[in-house]
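Worksheet: one structure, shown below.
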Amino acid sequence: MTPPPGSLLAAQELRKAYGPTVALDGAEFSIHPGEVVAVMGPSGSGKSTLLHCLAGIVPPDSGSITYNGRELATMNDAQRSALRRSEFGFVFQFGQLVPELTCVENVALPLRLNGTSRKEAEKTALTWMERLEVDDLRKKRPGEVSGGQGQRVAVARALVTNPRVLFADEPTGALDSLNGERVMELLTDAARSTNAAVVLVTHEARVAAYSDREIVVRDGKSRDMERVV
Amino acid sequence: MSMGQWAKDLGMGVRFAFAGGREGWVRALLTAVGVGLGVALLLLTTAVPNMQTVRQERESARTDLNYSYTDLKKSDRTLIVADVDTDFRDKDIRGRALEPEGPSAPLPPGVEKFPGVGEMVVSPALKRLLESDGAKLLRERLPERIVGTIGESGLIGSHELAFFRGGDGLAPHIDGSRVARIERFGDTSPVETRTDPVLILLVIVVFVVLLMPVAVFIAAAVRFGGERRDRRLAALRLVGSDSRMTRRIAAGEALAGAVLGLVFGTVFFLIGRQIAGSVEVFDVSVFPSYLNPSPALALLVGLAVPAAAVLVTLFAMRGVVIEPLGVVRTAKPSRRRLWWRLLLPLGGLAMLWPMIGQGRDNGTFNEYLVIGGVLLLLIGVTTLLPWIVEAVVARLGSGGVAWQLAVRRLQLSSGTAARMVNGVAVAVAGAIALQMLFAGVESSYTKQSRYDTQRAQMEVSLSRNAPLDPAVEEFRDTKGVQQVYAFAEGYLGERRKDPEMGAEMTVGDCASLRQAAELPSCRDGDIFYVSNSEYDEDTRELVKQPGRTVYLDPSYDGGPPRQEIAWTVPQDLKKAGTHEDFMGRQRGGFLLTPKALPAAAAPALRGQVYLKLDRSVPDVYDHVRNTSTAADPLSYPMTWFSTQTADRYNTIRTGLFVGAVCVLALIGASLLVSQLEQLRDRKKLLSSLVAFGTRRRTLSLSVLWQTAIPIALGLLLSSVVGLTLGAVLLRMTDTPIMVAWTSVLSMLGVGAGIVLAVTLLSLPPLLRLMRPDGLRTE
């Protein structure tokens with residue numbers, strides 16, 4: 001199985017089952033640097049499982065995933081964790097910010113996990129917070145900010161390490177349409193400015209509209225919907 | 001607010017406690033198990049007074065030897081009882097030889113029929129021991145055929161080792177102390193003993209110290225599942241429940257857990273009661289029937305636990321604002337105030353202060369003040385700790401990621417962390433105070449024995465009339481015996497009746513006599529006198545008149561009266577100097593070598609053997625006991641120790657150890673449950689942190705810091721409170737203050753060990769929760 005030429009991250013013939021429930025059944029995926037790909041499909045279709053497999057969070061039962069020419073299956077847990085820390089960024093539906101840390105500490109966390117000093121990490125974090133228009137929240141805790149603000153903090157946290165791939169799982173699922181659109185604008189602009197690829201899991205067409213290409217997952221199978229923005 | 005509304009809200013809470021499918025039931029069961037463990041311990045405590053009473057009653061009912069010579073004549077109703085107690089390894093065995101003198105002789109409690117000669121009835125525990133493989137030596141000592149079992153009414157504990165054997169020819173040995181003629185069992189003249197006030201103080205403090213952490217534990221247990229419950233209550237606010245109703249519903253949930261906990265606690269207690277009958281802790285065993293809780297105290301537990309659950313929940317909910325739309329305010333709570341938290345321990349000190357310097361000679365301590373003072377001081381730990389944790393973590397600087405995650409979490413919810421370690425802190429503070437008190441008063445109760453355990457390690461008293469020489473030969477041939485020193489001992493007076501002067505007479509070979517006094521020279525036939533030993537004023541008077549007749553009288557030594565034997569003080573006495581004998585005393589009176597003793601005087605003397613042993617020989621003490629029993633069934637072998645501890649002191653210390661083990665195990669279990677619940681609540685967050693590459697080690701370390709910081713502060717506070725309480729208690733008993741640092745450190749170590757164990761036990765579930773599949777929602 002050879003990945004498509006020029007692809008940064010590619011998956012072929014992915015299969016994954018949770019007990020008797022088949023989540024992925026021969027799914028295919030590929031993304032190029034700087035590309036935004038929306039993974040769409042109804043609830044329970046296997047979108048999130050595909051994202052988790054692509055990010056090396058969950059190992060597939062079979063199939064191949066290559067990142068930058070390296071097979072993920074050949075890496076051990078520590079190597080995959082290091083990859084996620086340095087090359088990937090994540091945004092989840094509910095932000096999943098650490099409630100005890102302030103917003104700037106949350107954004108700085110991935111850098112600190114990579115060994116950057118606290119001062120340096122928070123300085124970098126603040127520049128990303130400015131870009132995402134949440135720098136005034138730096139001393140607040142996640143419990144003290146709104147859902148949209150929290151999600152922008154989460155996007156800043158995902159981008160602070162300059163990842164090559166940003167995984168966003170329903171990033172606007174818990175937001176109203178106005179906030180959702182603002183988050184998507186900021187997310188895609190920031191990603192494109194750093195040439196990061198974005199894997200965007202959503203079931204909303206208006207969110208998918210921010211992507212360059214759409215993939216539909218249904219019953220664990222994927223179908224590429226070529227679309228030019 | 002009507003009672004009806006209260007009842008309605010509480011009732012709704014009770015329904016919610018069991019709603020929510022499997023998760024709801026699991027939460028209710030966890031709470032019930034937690035409360036149940038506490039209730040079981042409380043019920044056990046309420047049963048302790050009854051247990052002590054029953055044990056005392058049984059002991060009193062089977063009393064046979066009262067150590068006074070009564071001139072009871074043989075009749076159809078009399079029984080001769082001989083004390084044939086023995087030991088096997090470190091176990092005491094109660095033994096009696098019974099010789100009924102008529103058909104109406106009284107049967108001992110628990111025995112249906114007198115065993116004949118060559119027969120014995122034994123306690124179930126002794127039967128098991130005798131049938132076990134390792135009891136061959138004991139079986140040699142107790143070779144009689146087992147013809148029955150002693151019933152429960154004749155035993156004070158389920159594991160008591162006891163036997164009754166058939167006796168024969170005991171009448172000549174009657175001395176009132178070890179062999180007696182009786183008409184009935186039971187203590188005929190029980191003596192009202194005044195219990196030492198310091199001992200009472202110790203008992204009170206032990207109970208308060210042990211029960212206080214149980215109360216803290218119950219308070220923590222009713223709050224299991226608190227975070228999920230808050231989210232559930234937020235949903236209720238959304239559909240129109242006001243904040244007061246919400247609090248009452250929460251209290252109702254806690255009430256359900258507490259009531260179910262009462263049921264569980266009763267079941268645990270009943271199971272524990274049965275188990276208690278089959279275990280023995282520090283040589284104390286009980287029968288399940290002993291453990292009947294006092295009805296009034298049991299009722300108090302039954303009412304207080306649910307009431308406490310409701311009150312604790314209402315109190316705890318004060319600081320939580322539950323808002324509709326699923327929002328539970330998690331903003332920084334208002335700063336804790338110190339003044340009222342300080343009032344509690346200071347109030348405790350104020351209650352104890354008037355009793356300082358009272359000592360043991362000024363009557364009993366005011367029990368209410370003692371209980372109140374100790375309680376307030378220990379409650380002070382639970383109120384001060386949250387303040388201290390909050391104040392300290394607010395000042396903690398940042399470090400690595402693990403440290404930062406832990407410190408920030410503690411800053412946000414220091415109360416939860418403090419609650420988790422409150423129980424351990426209270427138990428450790430109480431234990432430190434008790435250790436100090438014990439160490440302080442120990443010298444009053446533990447005496448260095450005067451026995452010279454270098455020269456001899458066992459002493460055997462032969463019964464009156466038992467021949468000494470053959471016994472000595474048998475001891476010499478006994479495995480592990482290195483040296484045998486034998487004496488025949490008696491007392492003499494200057495008149496046949498009511499003498500005014502008296503002296504000891506000791507007969508032994510030269511080697512033995514040299515152990516008792518400084519002899520100038522010695523050969524068989526010599527007679528010595530020691531006139532300058534302590535407490536002996538009379539010998540020097542008696543030796544002034546050689547040729548005078550003195551009388552050996554066995555009744556001086558508890559023997560039968562009117563059997564005096566005349567002896568003439570000889571002319572050629574040699575003077576011997578004093579030194580301490582095996583028992584650390586200066587022996588006075590007359591020392592005779594065997595040839596110097598007239599044959600007629602022998603019956604007035606009693607054989608005494610001192611043995612130097614090779615303690616590396618396995619079971620050397622039991623080899624000696626076997627020889628002793630074979631040589632003289634009524635002999636009394638005794639093992640010497642370098643220290644002697646008062647029995648009651650031992651009992652209290654034993655109680656403390658048993659109780660502390662139970663309480664710390666309970667607190668450890670509660671800590672673990674609480675820890676796991678908090679981790680489950682954070683499953684999604686943990687998974688997402690792992691998703692973006694956080695090392696598992698970082699998260700594990702963060703969990704460890706979250707536990708270690710509050711426990712370090714808790715132990716520090718408990719040391720301060722424990723040492724203060726210990727110092728006050730010592731001053732109350734008028735004992736110089738001294739700190740047993742090893743005990744303090746060991747108690748701190750135990751507390752820290754509990755937390756470490758809990759952290760280690762919570763690591764496997766933590767690692768499972770950190771799996772990325774925690775991110776799945778479908």
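Keep in mind that glycine also has a Cβ here, set from the backbone N, Cα and C atoms.
Curation plays no part in TrEMBL annotations; they are all automatic predictions.
For B:205-317 (among others), the entry in TrEMBL reads domain 'ABC3 transporter permease C-terminal'.
Positions annotated as domain 'ABC3 transporter permease C-terminal' by TrEMBL: B:658-769 (among others).
Under the heading transmembrane segment, TrEMBL lists B:25-48 (among others).
Look at TrEMBL and you will find B:198-222 (among others) tagged as transmembrane segment.
Long-range contacts of the transmembrane segment (B:254-276) within the same chain: residues 10, 13-14, 17-18, 28-29, 31-40, 42-44, 47, 218, 221-224, 286, 288, 291, 293, 301-302, 305-306, 308-310, 312-313, each at least 6 residues beyond the stretch ends and with a Cβ under 8 Å from a Cβ of the stretch. Per TrEMBL, the feature transmembrane segment maps to B:254-276 (among others).
Positions annotated as transmembrane segment by TrEMBL: B:296-317 (among others). Cβ atoms under 8 Å from those of the transmembrane segment (B:296-317) belong to residues 10, 35, 38-39, 42-43, 46, 215, 218-219, 222-223, 226, 246-248, 250-251, 253-255, 257-259, 261-262, 265 of the same chain, restricted to positions at least 6 beyond its ends.
Under the heading transmembrane segment, TrEMBL lists B:338-356 (among others). Sequence-distant neighbours of the transmembrane segment (B:338-356) (same chain, 6+ residues past either end, Cβ-Cβ under 8 Å): 365-366, 369-370, 372-381, 383-384, 387, 721, 724, 728-729, 731-732.
If you look up TrEMBL, you'll see B:368-389 (among others) marked as transmembrane segment. Sequence-remote contacts of a segment are chain residues at least 6 beyond its ends whose Cβ falls under 8 Å from one of its Cβ atoms, and for the transmembrane segment (B:368-389) they are 201, 204-205, 208-209, 212, 216, 336-338, 340-342, 344-352, 354-355, 410, 414-415, 417-419, 421-422, 425-426, 429-430, 433, 709-710, 713-714, 717-718, 721, 724-725, 728.
The feature transmembrane segment is assigned by TrEMBL to B:655-674 (among others).
Among the features that TrEMBL reports, transmembrane segment is placed at B:703-732 (among others). Listed as Cβ neighbours of the transmembrane segment (B:703-732) (distance under 8 Å, sequence separation of 6 or more from its ends, same chain) are residues 201, 205, 345, 349, 352-353, 355-358, 365, 373-374, 377-378, 380-381, 384-385, 388-389, 392-393, 396, 402-403, 406-407, 409-410, 414, 417-418, 420-422, 424-426, 428-437, 440-441, 675, 679, 738-739, 744, 747-748, 751-752, 755, 758-759, 762-763, 766.
Per TrEMBL, the feature transmembrane segment maps to B:738-761 (among others).
For the domain 'ABC3 transporter permease C-terminal' (B:658-769), the DSSP-based tally of helix, strand and coil residues reads 99 helix, 0 strand, 13 coil. Across all of the domain 'ABC3 transporter permease C-terminal' (B:205-317), the predicted model scores a mean pLDDT of 78.
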